[in-house]
Amino acid sequence: MYGIEYTTFLIYLISIILFNYILKSITRMMDYIIYKFLLIVTIASIFISAQNYGINLPITGSMDVAYVNTTKDKPFLTSTLCLYYPTEARTEINDNEWTSTLSQLFLTKGWPTGSIYFKEYDDIATFSVDPQLYCDYNIVLMRYNSSLELDMSELANLILNEWLCNPMDVTLYYYQQTDEANKWIAMGQSCTIKVCPLNTQTLGIGCQTTNTRTFEEVATAEKLVITDVVDGVNHKLDVTTTTCTIRNCKKLGPRENVAVIQVGGADILDITSDPTTTPQTERMMRINWKKWWQVFYTIVDYVNQIVQAMSKRSRSLDSAAFYYRV
């Protein structure tokens, strides 16, 4: 009897040892196969490399994150408000304490004095080169000037919308705009943009690709240019790259934490003629006062109504970061 029990025990022990050996052998074999496969893939990746030289690359990478509209009755209790105004406003008011006075007046509307920031800019052209909107809510004041009407419209179009942008190398490639939301945005001290549309044989339509003097000039010595050409047609571009940077951009939608207030002028600037601007923007309005004190008093009175037409965002627009986004 004892011999049978010992024999059974030895059989179980040998079976366990044999099963363990088989498992280890299978594990080593699988490790070998996996490591060999990874080695082959690694070596192959060194010799097989792909680079996209296409001229119509997808525009990718957004620095803006959408947030839902605030539903709080008093968002100003935990928010910041930036008020952008031209230098002429401070010059006309000529009072060293004017911002403190306005801060106290904003306090009567529920805005703590530490939540209001006054940001000065020289003029529309200068502001166009580097607009920076850092607060939860941003109100930009623009004094109407008939000679700068188009510049004001372009600036409003830029800051009232979110854009996705990629760099353009106009010296090597030709480009096309895929749809109405696709624009070329140029910024710099002096931007002159010329274009030459191409046919399917890449020959110039009404211009010579080898002679930039035959190109159509769409902008001359401007600081901000939003260029719109015929969609689906390749274009050769000539840009003053030493003083200007151009990007291939796609309009994503409204930047809802920004409002533009036009000061004076017979008509309010309208950027809704652009088919991509839908619905009609409520964040562009006009104040008809001659004196800047009157302008600021009106803004204080209606600041909460203005903010209710906006949407709080926790991100900012820095045109340098936004514009060089790849």
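Think of each number as a place in line: the chain as shown, counted from 1.
Cβ coordinates come from backbone N, Cα and C, glycine included.
In Swiss-Prot this protein carries:
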{"type": "BINDING", "residues": "ASP95, GLY206, THR214, GLU216", "note": "Ca(2+) 1 binding site"}
{"type": "BINDING", "residues": "GLN177, ASP228, VAL229, ASP231, ASP301", "note": "Ca(2+) 2 binding site"}
{"type": "DISULFID", "residues": "CYS82-CYS135", "note": "disulfide bond"}
{"type": "DISULFID", "residues": "CYS165-CYS249", "note": "disulfide bond"}
{"type": "DISULFID", "residues": "CYS191-CYS244", "note": "disulfide bond"}
{"type": "DISULFID", "residues": "CYS196-CYS207", "note": "disulfide bond"}
{"type": "CARBOHYD", "residues": "ASN69", "note": "N-linked glycosylation site"}
{"type": "CARBOHYD", "residues": "ASN145", "note": "N-linked glycosylation site"}
{"type": "SIGNAL", "residues": "1-50", "note": "signal peptide"}
Cβ neighbour count within 10 Å of ASP301 (Ca(2+) 2 binding site): 12
CB contacts for CYS196 (disulfide bond) [other CB atoms within 10 A, all chains]: 23
Neighbouring recorded positions, C-alpha within 10 angstroms of GLY206 (Ca(2+) 1 binding site) - of CYS135, GLN177, ASP231, CYS244: none
Spatial neighbours of ASP231 (Ca(2+) 2 binding site) that are distant in sequence (at least 6 apart) but have CB under 8 A: GLN176, GLN177, THR178, ASP179, GLU180, ASN182
Residue among recorded positions ASN145, CYS165, ASP301 with Cα closest to the Cα of CYS135 (disulfide bond): ASP301
Proximal residue to CYS82 (disulfide bond) among binding-site residues ASP95, THR214, GLU216, VAL229, ASP301 (C-alpha distance): ASP301
CYS82, CYS135, CYS165, CYS249 as disulfide-bonded residues, winner by CB count within 10 A: CYS249
Number of Cβ atoms other than its own within 10 Å, given for ASP95 (Ca(2+) 1 binding site): 11
Chain-internal residues near CYS244 (disulfide bond), provided their CB is under 8 angstroms and they sit 6+ positions away: ALA186, MET187, GLY188, GLN189, SER190, CYS191, THR192
GLY206 (Ca(2+) 1 binding site) CB neighbourhood, other CB atoms within 10 A: 9
